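Take a look at the structure below.
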Amino acid sequence: MFTIALAQLNPTIGAIAENAEKIVTAALQAQARGADLLLTPELALCGYPPKDLLLNPSFVEQLEEELQWLAEKMPPSIAILVGTVTPHHQAERQGQKKLWNSAVLIEQGQIKQWFHKCLLPTYDVFDEDRYFASAAKSEYFIYKNVKIGVTICEDLWNDEAFWGQKFYQVNPLMDLIDQGVNLVVNLSASPYSCGKHYLRESLISHSAKRFNVPLIYVNQVGGNDDLIFDGGSFAVNSQGKIIGRSPLFQEDLALLSYDLSSGELTGQKLASLPMVDTEELWQALVLGVGDYLHKCGFSKAILGLSGGIDSSLVAAIAVEALGKENVLGILMPSPYSSDHSIQDALALAKNLGMNTQTIPIGPIMATYDQALVPLFQDAPFGLAEENLQSRIRGNLLMAIANKFGHLLLSTGNKSELAVGYCTLYGDMNGGLAAIADVPKTQVFELCRWLNREQTIIPPSVLTKPPSAELKPGQVDTDSLPPYDVLDGILGRLVEKHQSPQEIINAGFEREVVLKICQLVQKSEFKRRQAAPGLKVTDRAFGSGWRMPIAQAFHPQGS
């Protein structure tokens, strides 16, 4: 019997020396707990995804140097399989990819073997074919007379029996089975979307049972730009039963035992999963906000508090991620702000224990109005004047953030961002859009969940009609359909890629569907200039959304 440790790590992209130290620490801890073999996530040495850092030769050189340092620092009694980038030295032909996405085996202070990723994803947020060469097949190493097959992330996602179709021509897992492996490990950096860990476990359990081989899956954890990695590393036996699992959204070192006589895995820990999707989503957003600030060098956040539900939720997330003393809320009431909204904002801040400052914007609005009289003359009050209020607020928030070194959190939700119900250089200002991938209906669900044990979000915030309060008596439904209808349409259009006619056939009014489709298309220029938003659904308006701005395509049925 030998013991395998799964190091579920939270690397910082480009912090190569720091990441190497983290791996050494994990190895020493694993050795102290009796482990013989340590597994890290995909590209653990540089962090995933490194993107165009890979085009910098010095980045790759530093990775090579740190890999050698890592080998020298490894305890001699433990072997390690570490995810990193390695040069493709045979890539001499001009234009051929010169890098591998690799797993490197280190034993007794020596680099013994290299394993390269076969399947390179190019969908959604992935663009690996831009940088890496694709290996012809997966390979194995022998450890204590056990053939251990090595795969990297996507290599396990081509089980045609599970999906009902093949996505790639080769199946690395099947290649390893044909080579007679006894155990398969997978080094992964699989980004989070709500409920995705269930899909991973279902897929890998199915594959283990299909091929009668135990499988180990070790995932990255932490936030890197718009992506959140949820961890949840796990192992299954040859019958497809999960026998060990690390917790979601935190670093972990889990141990497994491999029985040489039975050829089976046994686990020492089976972490429970969140009871509801809302709890899981909350944990993801908290991790994403905290890591984004810390990895960008910020310790404090600022946001505008309007008394509405979106800013209330973002404030609660920020306080949980950073601590109440590190979050500042700014109230900026205008002549159109209701008294109850001001009181709701103050009540929220009191419930969270965070500090606030109030800056009435009426005098600034008057100055703008006076300056624009020669141009606007007698034109009636309209959208330009409404947006000026938002831009005044955005300007004030950026000034305060700039003055004190805080990061400004944008508070817009996915529903608003989709249809452009937001103001460029106004409420869209910020360094991070915390809930930009959370639909409005889910914002309400999160706030109700937060209030399950004690009142954090003031009850009136949950019951009053949503409003931007940029003119007298304004409510969101003056411009948009009810949010349950809007989110139903957007979910089908954005995440399920349905055509307007398919959405209409699902029971939505034709006129409403066509209006929403048009708004989504016309608002691309706003999304292109938005702050980075944390991805929590299968399709976000982030790095995986690549729509043109100047375009005239209209789907059939529209």
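Each residue, glycine too, has its Cβ placed from N, Cα and C.
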Which of these, Lys515, Lys522, Lys526, does Swiss-Prot list as part of the deamido-NAD(+) site with Asn387, Glu416?
Lys526
The ATP site in Swiss-Prot includes Gly304, Leu305, Ser306, Gly307, Gly308, Ile309, Asp310, Ser311. Which of Thr411, Thr423, Thr441 is also listed there?
Thr411
Of the recorded positions Lys117, Cys153, Lys196, Lys526, which one sits closest to Gly308 (ATP binding site) when you measure Cα to Cα?
Lys526
Please report the distance from the Cα of Lys526 (deamido-NAD(+) binding site) to the Cα of Gly304 (ATP binding site), rounded to the nearest angstrom.
20
Which recorded positions (Glu42, Asn387, Glu416) fall within 10 Å of Cys153 (active site, nucleophile) by Cα distance?
Glu42
10 Å Cβ neighbour count around Thr411 (ATP binding site)?
29
Give the helix, strand or coil assignment DSSP yields for Gly304 (ATP binding site).
strand
Local backbone state of Lys196 (L-glutamine binding site), from DSSP in three classes:
helix
Residue pair Lys196 (L-glutamine binding site), Glu42 (active site, proton acceptor) - Cα distance, angstrom, rounded:
18
For the recorded positions Glu42, Lys117, Lys196, Ser306, Glu416, which one has the sparsest Cβ surroundings, going by other Cβ atoms within 10 Å?
Lys196
